[in-house]
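As C-alpha cells, the structure follows; a few thoughts come after it.
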Amino acid sequence: MKDNIALIGFMGSGKTTVGKLLAKTMDMKFVDIDKVIEAHEKKSINDIFHEKGQIYFRDLEREIILQESLKNDCVIATGGGSILDNENIKRLKETSFIVFLNATIECLYLRLKDNTTRPILNDVEDKRKLIEELLEKRKFLYQISADYIIDINEHTNIYETVDKIKEIYIIS
C-alpha cells in the first residue's frame, strides 16, 4: 500500500472538500497543494498567475508537489492542472494512490460559473465552453494517471465518495 492518497481532477471537482473529509476519516494529514503554494508565496493563486505568470506557477507547483509527496500518511489535493507536468504524475505515482474525481461538465459548470478565484476562468465570457475545452484536453491525462476513477455529478454524496475511496485504498 502506498503511503499517500492523491486526488486529481479538474478545478471544482471536489478535491479539497473530499480530501479534507477523507483525511479526517482516515486519520491522515490533509495537504492542499494550492494552499501550500499560497503560503509559500504569501499571495493568492490569482495574484501569482497575474504577477508572475502561469509558467512560474507551474514550476512552483512542481517543486511543492515533489516536496509534499515525500511526506507519509497524507491526503494530497492537487491543482487541476498539475497533471500537465509529467514530473508531478511520476512523483505522485511513486508515493501515492491516485484517485481521479471525474466530475461531469454540468457539475463543474454549476460549481465554477460564479467563482472568481480561478485565474484560468477569469475574464472569460463563455465559462461552460472553456470548461468543456480544457476538460477535453486534460481528461485522458487524468484517466491514465489514476489508480482509481470515481464519477462525480451535482448529486454525488460526499460521504459515499469518501467511503468508496477509503475502501479501494485499503484493499489496494
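All residue numbers here begin at 1 and follow the chain in the order shown.
For all residues, glycine too, the Cβ spot is worked out from N, Cα and C.
Record features (Swiss-Prot):
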- Gly12, Ser13, Gly14, Lys15, Thr16, Thr17, Arg118: ATP binding site (BINDING)
- Thr16: Mg(2+) binding site (BINDING)
- Asp34, Arg58, Gly80, Arg138: substrate binding site (BINDING)
Among Asp34, Arg58, Gly80, Arg138, these being the binding-site residues, pick the one whose CA is nearest to that of Gly14 (ATP binding site).
Gly80
Cα-Cα, whole number of Å: Arg58 (substrate binding site) versus Lys15 (ATP binding site)?
18
Nearest by CA distance to Gly12 (ATP binding site): which of the binding-site residues is it, out of Asp34, Gly80, Arg138?
Gly80
Which ones, of the binding-site residues Ser13, Lys15, Thr17, Arg118, have a Cα no more than 10 Å from the Cα of Asp34 (substrate binding site)?
none
Rounded to a whole angstrom, what is the C-alpha distance between Thr16 (ATP binding site) and Gly80 (substrate binding site)?
11
C-alpha of Lys15 (ATP binding site) to C-alpha of Gly80 (substrate binding site): distance in Å?
9
Pairwise CA distance, Arg118 (ATP binding site) versus Gly80 (substrate binding site), rounded so that it is a whole Å:
10
Euclidean distance between Cα atoms of Ser13 (ATP binding site) and Gly80 (substrate binding site), Å:
9
Distance, Arg138 (substrate binding site) to Thr17 (ATP binding site) (CA atoms, angstrom):
21
